[in-house]
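Taken verbatim from TrEMBL:
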| type | residues | note |
| --- | --- | --- |
| DOMAIN | 20-435 | domain 'Major facilitator superfamily (MFS) profile' |
| TRANSMEM | 21-43 | transmembrane segment |
| TRANSMEM | 55-74 | transmembrane segment |
| TRANSMEM | 86-105 | transmembrane segment |
| TRANSMEM | 111-132 | transmembrane segment |
| TRANSMEM | 144-166 | transmembrane segment |
| TRANSMEM | 172-189 | transmembrane segment |
| TRANSMEM | 256-276 | transmembrane segment |
| TRANSMEM | 291-312 | transmembrane segment |
| TRANSMEM | 319-338 | transmembrane segment |
| TRANSMEM | 344-369 | transmembrane segment |
| TRANSMEM | 381-404 | transmembrane segment |
| TRANSMEM | 410-430 | transmembrane segment |
Amino acid sequence: MSIAEATIERMPVGAAHRRMFWLLGAGMLIDAFELFMQSGVVASMVHTNFTGTGGVAQFIFATFFGLAIGSVMSGTLADRFGRKSLYQFNLLLFSLATLATAAAPSFTLVVILRFIAGIGLGGELVVGYAIMAEMTPAHCRGRWGVTLGLLVNCAQPLSAFVGAWFLPAVGWRAMFVVGAVPALIVWYLRRALPESPRWLERQGRTAEMHEVLDALWLENTGDAHAPRVAPASFLPERNELPWTALFGRHRLGRTLFCFAIVSLILASQYGFIGWVPTLLLHRGQSIVHSLTYSAVMAMGAPIGMLIPIFLVDRLGRRTVVATASFLAAAVGIGYAFALDAPAWLLVTTGFLEVLFVQITANTVLAVYLPELFPTDIRGTGFGASTAVGRVSAAIMPYFVLFVLNGFGSFAVFVMLASVLLLLCLLVLAVGPETRRKTLEDVEREILAGVDLSADHKHAKSPAS
């Protein structure tokens, strides 16, 4: 057991964890607000003739292409230069680009600036979830991860309600200012957050690691020094070619599995969320009704984030993801039938769809994905997986547009439900279980060549 691993596992969860949670979460909440608000913003742009329906796909594509680039860059650079420098850079980049977007005179410039903001947006979530996983002990890591996801995804209903109130009154430009200014404030407040002790240990920066661990221990317990443990008995050498390591003999299956599950969940998530207001407009709803219905549906997001807090450390990641994605697929078919139903049924079905999709997305992105890569390449693996997923999300609007124009709204939601069903089957077939294992335990299994499809059968479940 490594020094950082042993100390973090022994450390009581306390004030240091809560401070990190709130400061990381605040930046990630604003990041997600910027991301989720795009559905209302582009609907407003269409409504005011700033762009046409085709501009919706361009805006979403630019956002997700930037997210993909930012995920890869930040993940790789976070493994090389540390977690802290990257999450600060990302927050500053998207804040400044978003402020500039509010003043952009043309839709072309809006798309370019959205791509730049997307780079910062993409890196913020990757590094934030990774460092939270590295700072919490195994027995409650899942709970902290999905609680962070709950905070982050409160941005979905927040952006929807702010948009429903703000957009008709003052227009889409003000929405960018609303997101950018708080982000600059959080960027200033986060300067005092520590570097990841696990990352410092892997870089051979032992003195700095002990300083961070002592500071965390003091903040949590009041004792000046964390207890010293024996030197590491398991500490792989740092890999100088992390991209190569992702596709090594023992890691290839797990890497491809991560690429696949993130692609499926993000394509379905943003295929639904990003298009609902526009599809409702397409079926004759007013801009006010469309945004209001979307806001009520979006209330499923925080509830969907709350539910896995009580499940992921008890039932396991694999069970939660498979069950929620199956239910999301079933409700998605129901939503397709509800498109011409009374408003209450349409909104209720949409609410449930958002709820189950967010249970799936939060468990995958906030907990499951950071656990499936070792510390040396956690940022790179998380970033690469998220980038592949965001490319899928960037391409999905064009599939949606093609299906919408060729077959109608009903077919769009059937297609999205099929994607979720495929995710369910993939996780059941080859999904590993990481519940109650330290991050180093998971890494040992990878290096020992544990079969991916059999992982969940041999998962340990020690008591809390």
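Every residue gets a Cβ built from N, Cα and C, even glycine.
Under 8 Å from some Cβ of the transmembrane segment (86-105) lie the Cβ atoms of residues 24, 27, 30-31, 34, 70, 74, 77-78, 113-114, 116-124, 127-128, 131, 173-174, 176-177, 179-181, 183-184, 186-187, 190-191, 379, all in the same chain and six or more residues away from its ends. Tertiary proximity for the transmembrane segment (172-189) is limited to same-chain residues at least six positions away from its ends with a CB under 8 Å from its CB atoms, namely 23, 26-27, 30-31, 33-34, 37, 40-41, 44-45, 48, 50, 88, 91-92, 94-96, 98-99, 101-103, 162-163, 166. Most Cβ pairs under 8 A with the transmembrane segment (319-338) among the ranges 111-132, 256-276, 381-404 are made by 256-276. Predicted-model confidence for the domain 'Major facilitator superfamily (MFS) profile' (20-435) is 83, expressed as mean pLDDT. Here the transmembrane segment (381-404) does not touch the transmembrane segment (144-166). Their Cβ atoms form fewer than 3 pairs under 8 Å, with each pair 6 or more residues apart.
Only pairs six or more apart in sequence are counted, and the transmembrane segment (21-43) with the transmembrane segment (410-430) gives fewer than three Cβ pairs under 8 Å, not enough to call it a contact.
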